[in-house]
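Taken verbatim from Swiss-Prot:
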- GLY12, LYS13, GLY14, GLU15, GLY16, LYS17, ILE110, LYS111, LEU112, ARG113: CDP binding site (BINDING)
- THR41, ASN43: Mg(2+) binding site (BINDING)
- THR97, GLU105: FMN binding site (BINDING)
Amino acid sequence: MLNKLFGRVVSGKGEGKHYMSLPPYKEKFKNILGFEPYEGTLNVKLGYIINLNELNPIEVDDFYYKNNKYYGVKLIPVRICIKDYCVNGAIVYPKKTEHPNNVIELIAPIKLRKYLSLKNNYMVKIRL
C-alpha cells in the first residue's frame, strides 16, 4: 500500500484562502482533523497522477452558507515533511476543482510556506 507521496511546491490562485476562511469548512475540518486549519492551502505538484479515492478519504458534504452553495471535499490526514521536520495536516480534495490531477492541496494548522521555509519548486514528502 502507498504510504508516502513526493511533490514540488507550486503557486496557486489564492482561492484556498477564501474557502479556508469560511466558518462551516473550518468547523467541519476541526471536528474531523482535530485542528483549525490556517486560512490557505499549499499546492504541491506530484510527478505522477494518483487516485486519491483509493486512499480512504473522509468525505465532507456540500452545504449552504449565506445563501451560497459550497461543494463538499474529501480529506486525507497526512504528515507534511521537509527534511526531518514534519507537521500534521491533510490533503484537501475538493469535489469541484480547476487543478490538474497531479496537483494536490494541503492544509495544516500553520502557514506551511512560512514555518517550513518553503518556496516554489521545493520538494516535500507527504506521509499517509
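Quick reminder: no glycine exception, Cβ is built from N, Cα and C everywhere.
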Where THR41 (Mg(2+) binding site) and GLY14 (CDP binding site) are concerned, what is their Cα separation in Å, rounded?
8
Distance check, please: Cα of GLY14 (CDP binding site) against Cα of ASN43 (Mg(2+) binding site), rounded to an integer number of angstrom.
10
How many other Cβ atoms sit within 10 Å of the Cβ of ASN43 (Mg(2+) binding site)?
18
Taking the residues GLY12, LYS13, GLY14, GLU15, GLY16, LYS17, ILE110, LYS111, LEU112, ARG113, which the record names as binding CDP, find the longest CA to CA distance and state it in Å to the nearest whole number.
19
GLY16 (CDP binding site) versus THR97 (FMN binding site) - Cα distance in angstrom:
11
GLU105 (FMN binding site) to LEU112 (CDP binding site) - Cα separation in whole Å:
11
Same chain, |i - j| six or more, Cβ under 8 Å of ILE110 (CDP binding site); the result in sequence order is TYR38, VAL87
Please classify the secondary structure at LEU112 (CDP binding site) using three-state DSSP.
helix
With every protein chain in view, how many other Cβ atoms are within 10 Å of the Cβ of GLY12 (CDP binding site)?
17
Would you count the other CB atoms within 10 A of the CB of LEU112 (CDP binding site), including those on all shown protein chains?
23
Considering Cα atoms only, can you say which of GLY12, GLY16, LEU112 is the nearest neighbour of ASN43 (Mg(2+) binding site) among these binding-site residues?
GLY12
